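Undergrad: Annotations for this protein, taken from TrEMBL, read as follows:
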- 106-558: domain 'Major facilitator superfamily (MFS) profile' (DOMAIN)
- 1-23: region 'Disordered' (REGION)
- 162-182: transmembrane segment (TRANSMEM)
- 188-209: transmembrane segment (TRANSMEM)
- 216-234: transmembrane segment (TRANSMEM)
- 240-260: transmembrane segment (TRANSMEM)
- 272-290: transmembrane segment (TRANSMEM)
- 359-377: transmembrane segment (TRANSMEM)
- 398-419: transmembrane segment (TRANSMEM)
- 425-446: transmembrane segment (TRANSMEM)
- 458-482: transmembrane segment (TRANSMEM)
- 502-522: transmembrane segment (TRANSMEM)
- 534-554: transmembrane segment (TRANSMEM)
């Protein structure tokens, strides 16, 4: 029975696996093909809702990159040393003659919004009772300068950086499950409410533990807003609009990153900056009445009573006459009103065959993309000189990172349009792997031989190789950051398209949480003073090679309807990378010249003759037995009909 079912389905599950929840398809499950076109397609009302998901993306960008300014490391100068220092220490450090600048070099910026300063000061230089700070971020005061988080207290800065990222990771996991169980709209409103509470309370923190704790909950709520808006945006669009609408939202987030230095310069104080970032989210409280629940999620979970009202509302806004129901969608909806809601949790993914594999592959891709992004950003710093190799300026470094991100998103649009989701992801992952391997291999060889060639006669060659090594390192770092940023964004979008509607929140939450783990590697490396950085880069470089192989297992979702149930998600299997030569034509495993060869003389082999003789003998014996059986049956029949005969 299973074989017959597989042959009659349009999409054959891989390896003969049939989901136990497979049901007969109806019009209400064909949302992209029947329901949304009946309601006006991607009409005016849907476009208005999409714009409403773009506006908060600007403030999400502010919050995501706020660590650049709230926790930036300043140049610190000791004004008043401790009184118990010895005269010898004082004479060597010259603290009595003039103030001692402990950190003359500016901190270098990482791509994910974290900073690192160089722990090149001794314990003697940290013995100071009063400091003066100089910030380069446009602020007069931030968290580091307010509580003097330098020297022995510098580790608290890393904990504060952990708090926002760790809160986001837990938020993605928790709110993803809640979005699948209670809906996208309640998760969005609850996240906004708590974001206002915790975000504004951060500005009134009285110490570092309070600041870090509140930032954890701020990141937790920020994850709920980001995830719910992303899912709502995807589920509003028809297949041809999904990617373009998502990329516009990504550009709005990058716009928040670009505008953040100007906002910080106008605010001047970190508490005012925090309040300015959070207060605009008050406008999102109007979404309680403006923004409806996702119609796609309601239909996928069989909540047909609410679906009927929302369908009427959408048709009214799009000015669609619902009486012209040629497909009898309303009739089928009326018959299904008595069905009970059927909700699904992300744990059901474990019982699938293809779906869990696709989600795990995309989780590894997003983790690798964000993790190696930090490695490339760290490579832009000369490890020997312990200073930035770019512009030695906060704003120049900041806008360099932002410019790479913008260029990556701009290149992502035509690449995905030409090669599709899987082809684009594979191309950018290959570029990331090549940039990483060349940086780890070729540049280390150049550095090795430049040291051996450090003799008087060829000093110029040594200088040339050293400069070449430095320039190539910067070039490969920029290329790697460019491609890894594209890999991260495309992995998240890819997951939103592959995951069925009933568990889309949980699946997207897993991929976003994996991206958060990749971002978390930056403050972890800072906490260890960059020890083990080379091994860290090697591990992620090996992960890129694994990801290249795993990407080939993914299906292509371009122009495909979103899967609604687990059975739909199972039907998405991988296709060949190269399309058929003609529509519906499969590529031959053998070339035409090989398939037309003459194999008529194969039967002359001894093995074939022996097999033919054995088959002939078996046929003869079978024929004799069959004739004897017929004769016996005839004799018994005659005896039964004529018992007087002698049998």
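Please read every residue number as a count from 1 along the shown chain.
Positions of Cβ are set from backbone N, Cα and C atoms, glycine also.
Caution: TrEMBL annotation is automatic and unverified by curators.
Locate each feature and note its surroundings.
TA: Using a Cβ-Cβ cut-off under 8 Å and counting only residues 6 or more beyond its ends in the same chain, the transmembrane segment (162-182) has close neighbours at 67, 191, 212-213, 215-224, 227-228, 231, 343-346, 502-510, 512-513, 516-517, 519-520, 523.
Residues 49-50, 53, 56-57, 60, 63-64, 163-172, 174-176, 179, 184-185, 187-188, 190-192, 194-195, 198-199, 202, 242, 245-246, 249, 281, 284, 291, 294, 492, 496-497, 504-505, 508-509, 512, 562 of the same chain lie 6 or more positions beyond the ends of the transmembrane segment (216-234) yet place their CB under 8 Å from a CB of it.
Counting residues 6+ beyond its ends, the transmembrane segment (240-260) has Cβ neighbours under 8 Å at 42, 50, 53-55, 57-62, 64-66, 68-69, 229-230, 233-234, 399, 402, 405-406, 409, 412-413, 416-417, 489, 493, 496-497, 558-559 in the same chain.
Within its own chain, the transmembrane segment (502-522) has Cβ neighbours under 8 Å at 110, 112, 114, 161-162, 165-166, 168-170, 172-180, 184, 187, 223, 226-228, 230-231, 234-235, 297, 300-301, 343-346, 348-349, 359, 362-364, 366-374, 377, 488, 491-492, 495-496, 536, 564-566, counting only residues six or more beyond its boundaries.
Within the same chain, residues 357-358, 361-362, 364-365, 367-368, 371-372, 375, 378-379, 421-422, 425-426, 429-430, 432-433, 436-437, 439-440, 494, 498, 521, 525, 574, 577 sit at least 6 positions outside the transmembrane segment (534-554) and bring their C-beta atoms closer than 8 Å to a C-beta of that stretch.
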Undergrad: Could you tell me the mean pLDDT the prediction assigns to the domain 'Major facilitator superfamily (MFS) profile' (106-558)?
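TA: Its mean pLDDT is 83.
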